[in-house]
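Enquirer: I grabbed these lines from Swiss-Prot:
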type: DOMAIN; residues: 1-288; note: domain 'SPX'
type: TRANSMEM; residues: 417-437; note: transmembrane segment
type: TRANSMEM; residues: 456-476; note: transmembrane segment
type: TRANSMEM; residues: 493-513; note: transmembrane segment
type: TRANSMEM; residues: 514-534; note: transmembrane segment
type: TRANSMEM; residues: 539-559; note: transmembrane segment
type: TRANSMEM; residues: 581-601; note: transmembrane segment
type: TRANSMEM; residues: 663-683; note: transmembrane segment
type: TRANSMEM; residues: 691-711; note: transmembrane segment
type: TRANSMEM; residues: 718-738; note: transmembrane segment
type: TRANSMEM; residues: 758-778; note: transmembrane segment
type: TRANSMEM; residues: 805-825; note: transmembrane segment
type: TRANSMEM; residues: 854-874; note: transmembrane segment
Amino acid sequence: MRFSHFLKYNAVPEWQNHYMDYSELKNLIYTLQTDELQVGDNEEGFGAGKSSNITDRFKNKFSFKNAKEDTSSGMNKDAGIVEETIELRELPTAQTVAAKPSPFRRMKEKIFYKRRSSSASSVSSTANENLQLDTYDTFVGDLTAEKQKVDDFYKRTEAKFYDKFDALVKDLKKIGVIEYDIDDDTLFNEPIASTNDEVPPLDLDDDEDDDEFYDDQSNIEDNTALLHHSQYNIKSQKKSLLKKSIVNLYIDLCQLKSFIELNRIGFAKITKKSDKVLHLNTRTELIESEQFFKDTYAFQAETIELLNSKISQLVTFYARITDRPHNISHSKQELKSYLHDHIVWERSNTWKDMLGLLSQADELTPKETEYNANKLVGKLDLEYYRWPLPRPINLKFTSINNVALPKLFFTKKAYKIYFIILVTGLLLGIKTFNDAAQHRCMALVECVAFLWASEAIPLHITAFLVPLLVVLFKVLKTSDGAIMSAASASSEILAAMWSSTIMILLAGFTLGEVLAQYNIAKVLASWLLAFAGCKPRNVLLMAMCVVFFLSMWISNVAAPVLTYSLLSPLLDAMDADSPFAQALVLGVALAANIGGMSSPISSPQNIISMSYLKPYGIGWGQFFAVALPSGILAMLLVWILLFTTFKMNKTKLEKFKPIKTKFTVKQYYIITVTVATILLWCVESQIEGAFGSSGQIAIIPIVLFFGTGLLSTQDLNAFPWSIVILAMGGIALGKAVSSSGLLSTIAKALQKKIENDGVFAILCIFGILMLVVGTFVSHTVSAIIIIPLVQEVGDKLGNPKAAPILVFGCALLSSCGMGLASSGFPNVTAISKVDRKGDRYLSVMTFLTRGVPASILAFLCVITLGYGIMASVVKGNATSA
């Protein structure tokens with residue numbers, strides 16, 4: 001197995017970015033080899049000097065560089081060399097090299113001398129020597145940077161785990177597992193073998209209990225499911241909690257030990273690779289001699305001994321708390337079993353992803369086969385309510401003894417469906433409009449809207465139902481007003497569902513997937529978070545900025561998931577009741593909702609809205625001009641709301657470290673295609689003669705990423721197709737209400753009611769409606785239902801800018817409903833976040849107390865700042881489409 005794969009299999013998933021970057025160092029080696037090969041055959045004779053005493057070079061490398069930097073720029077080169085030589089001889093390690101300059105120093109001085117005085121015939125040789133030194137310096141420099149990264153992370157993590165260890169020891173002392181008067185060092189430093197002596201088990205439950213019930217139940221069988229009184233008293237509960245703490249800390253420390261071992265193996269492997277490819281001798285001189293690890297903490301023998309000691313102590317604690325202090329080996333084996341189960345569970349998806357086994361189920365264990373069989377039986381069986389008959393009914397071939405009705409007919413969802421069918425039937429039977437098609441279309445809209453609002457069936461299944469109902473209800477009309485035949489209506493509605501909007505939606509998913517999969521979004525986001533510093537409110541603001549920025553390009557569906565993964569080092573260290581943790585989780589969700597208005601591809605509702613804005617000449621440029629200022633202001637106000645309502649100032653944080661990596665050719669290719677696609681979308685109105693629509697531009701990144709193999713069929717299958725289908729259902733519903741004339745009729749009726757009101761007042765009215773529907777139903781559904789209506793209302797008003805302003809404003813406001821845990825994808829993601837104990841960070845009340853005010857703040861930003869900018873950038877009435 002390749003070591004890069006071995007590293008991924010065995011690495012702790014949450015620590016992936018803190019291991020040595022083996023693949024990057026390997027790429028560096030091959031790059032340096034290519035540079036050497038380009039020099040030609042002029043390197044002959046240099047090999048012996050190159051491999052001589054690399055240890056001296058490593059010792060003097062960094063002090064040489066420092067001396068070089070300290071040299072005044074006004075000095076001549078000879079003076080600089082003298083100063084460097086003096087400083088090198090004054091180093092603490094000079095006792096081993098002062099008598100005779102190292103080969104590295106002699107070589108450097110020789111090269112500097114030749115730079116001044118060599119003839120033209122020796123220039124090539126000097127360049128070759130310079131290249132070899134640069135090769136060594138570059139490789140060891142990068143190797144040292146990786147070592148420092150590993151060491152820094154280990155020290156931080158060890159300190160955190162050892163604090164937990166100390167707290168655990170105190171708790172164990174309180175319940176008597178460890179005696180106060182015993183010297184900890186004496187107890188802890190005993191070898192495990194010495195603990196095999198018989199020690200009486202601890203009696204934590206020595207209180208007498210005179211309860212006659214338990215006296216009577218003294219002969220209860222061992223296999224009873226009832227809890228004994230000793231199993232739910234306070235001491236027993238403490239004992240169970242501490243046992244769990246020991247297991248968790250044992251797993252943490254073992255993973256920390258594997259972190260050291262994996263990185264040490266990695267450094268040995270990569271130096272072996274460099275020696276083989278670049279003809280160096282780094283493994284022997286640096287790794288095997290331990291010279292490379294002398295300035296680290298993680299790789300010292302004392303560090304490993306201390307870690308092993310802590311692990312051994314945990315085994316002893318576990319043996320004592322389980323009343324088996326004489327059986328250390330069994331306790332050790334049991335803890336190893338917990339470790340194994342944890343690793344298998346935590347990394348199963350990682351392993352399956354790498355082995356390509358996620359979609360394969362042909363190698364099942366007997367237990368898995370039995371489980372699947374039972375699951376199939378559960379699917380096939382139907383549960384019934386049964387009522388016995390007074391007397392059996394005897395038929396020719398059977399007899400009926402009772403009446404049975406399936407339970408699924410009496411569920412909450414079933415009652416919702418009954419209600420919707422009843423109301424739809426009433427609307428079909430009662431005349432609501434003079435026009436028959438509009439009358440039936442009203443019943444259709446009510447049926448679909450209620451199904452979406454109640455979620456009696458899944459949203460995307462309702463979307464599938466729309467084209468069928470459109471044909472059955474006969475609501476589509478021809479250009480002369482006649483009702484379409486079923487065949488014509490079917491072709492018309494199905495053709496309308498696949499539109500430019502759907503292509504842009506797929507392109508948005510493609511860009512989001514490729515940016516996330518190739519680590520580009522994560523790297524950029526980590527650098528943004530690194531600027532936040534250590535103040536909780538600054539970290540909160542930067543986290544909100546990151547998810548807002550990511551939402552612009554990879555949608556506000558994927559952005560919060562990626563941001564939470566970046567924040568996991570912070571969240572993992574905090575409990576669910578931490579105010580800062582709650583503010584962080586909620587802030588990301590609210591910022592992602594607001595980020596849903598930030599760009600034309602940041603959310604499904606924006607993509608749908610753009611199809612209504614295009615006829616008014618509103619493209620990407622105008623969208624950004626309105627959405628970005630409104631969104632940024634709303635995000636800042638929500639940030640102020642959060643840090644004033646959550647008491648987070650007492651939280652102490654470590655500075656977030658950015659992910660330092662060099663982008664590869666593939667990553668630059670992805671960035672180039674992404675930026676080019678966005679630019680084409682921005683200037684789409686100017687190049688409409690070439691592409692025709694934004695949907696055609698959307699094909700470009702799809703082809704360039706899937707066609708080149710950067711994304712696979714599995715990635716395409718993983719797209720959130722339910723959202724795509726929901727958008728298609730919305731398009732079909734919009735086509736139906738438009739073709740039937742229902743929207744026009746409603747718009748005329750509303751026009752008479754509000755024709756004397758200004759555009760601003762109308763925007764406020766419909767904006768409140770958008771907030772309510774978006775909060776209680778769905779952001780996307782609110783856009784699907786209301787935006788076509790406001791477009792018709794706006795077109796009927798006298799102001800030529802009314803329609804684009806109303807559509808634009810409602811499109812932005814559709815993202816502002818965030819008062820409930822179910823209001824939008826970001827909120828659903830946030831409410832599902834739990835800490836390491838399995839407790840939720842947020843509650844429904846948290847969303848109500850912060851989400852509702854946040855919705856109002858965002859609403860005010862759109863109808864004030866957003867309205868002012870919209871009034872200046874929109875052009876007026878729709879152009880001919």
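One-based numbering along the chain as shown.
Placed from the backbone N, Cα and C atoms, the Cβ positions cover glycine too.
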Enquirer: Per the definition of 3+ C-beta pairs under 8 A with sequence separation of 6 or more, do the transmembrane segment (854-874) and the transmembrane segment (758-778) touch?
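Expert: Between the transmembrane segment (758-778) and the transmembrane segment (854-874), which are separate recorded stretches, there is contact, as judged by 3 or more close Cβ pairs.
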Enquirer: Flag the pair the transmembrane segment (581-601) / the transmembrane segment (805-825) as in contact if three or more Cβ pairs fall under 8 Å (sequence separation 6 or more).
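Expert: Yes, these stretches are in contact.
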Enquirer: When you check the transmembrane segment (718-738) against the transmembrane segment (456-476), do you get at least 3 Cβ pairs under 8 Å, counting only pairs 6 or more apart in sequence?
Expert: yes
Enquirer: Could you name the stretch, out of 417-437, 456-476, 663-683, 691-711, 805-825, with the greatest number of CB pairs under 8 A to the transmembrane segment (514-534)?
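Expert: Most contacts with the transmembrane segment (514-534): 663-683.
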Enquirer: What residues elsewhere in the chain lie close to the transmembrane segment (805-825), defined as a C-beta under 8 angstroms and at least 6 residues from its ends?
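Expert: Cβ under 8 Å, 6 or more out: 556-557, 560, 589-590, 592-594, 596-597, 603, 605-606, 609, 612-613, 616, 618, 626-627, 630, 634, 759, 762-763, 766-767, 770-776, 778-780, 782-783, 786-787, 790-791, 793-794, 831, 842, 844, 847-848, 851-852, 854-855, 858-859, 862-863, 866-867, 870-871, 874.
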Enquirer: Examine the transmembrane segment (493-513) against the transmembrane segment (758-778) and state whether at least 3 Cβ pairs sit under 8 A, considering only residue pairs 6 or more apart.
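Expert: No, since the transmembrane segment (493-513) and the transmembrane segment (758-778) share fewer than 3 Cβ pairs closer than 8 Å, they do not count as touching.
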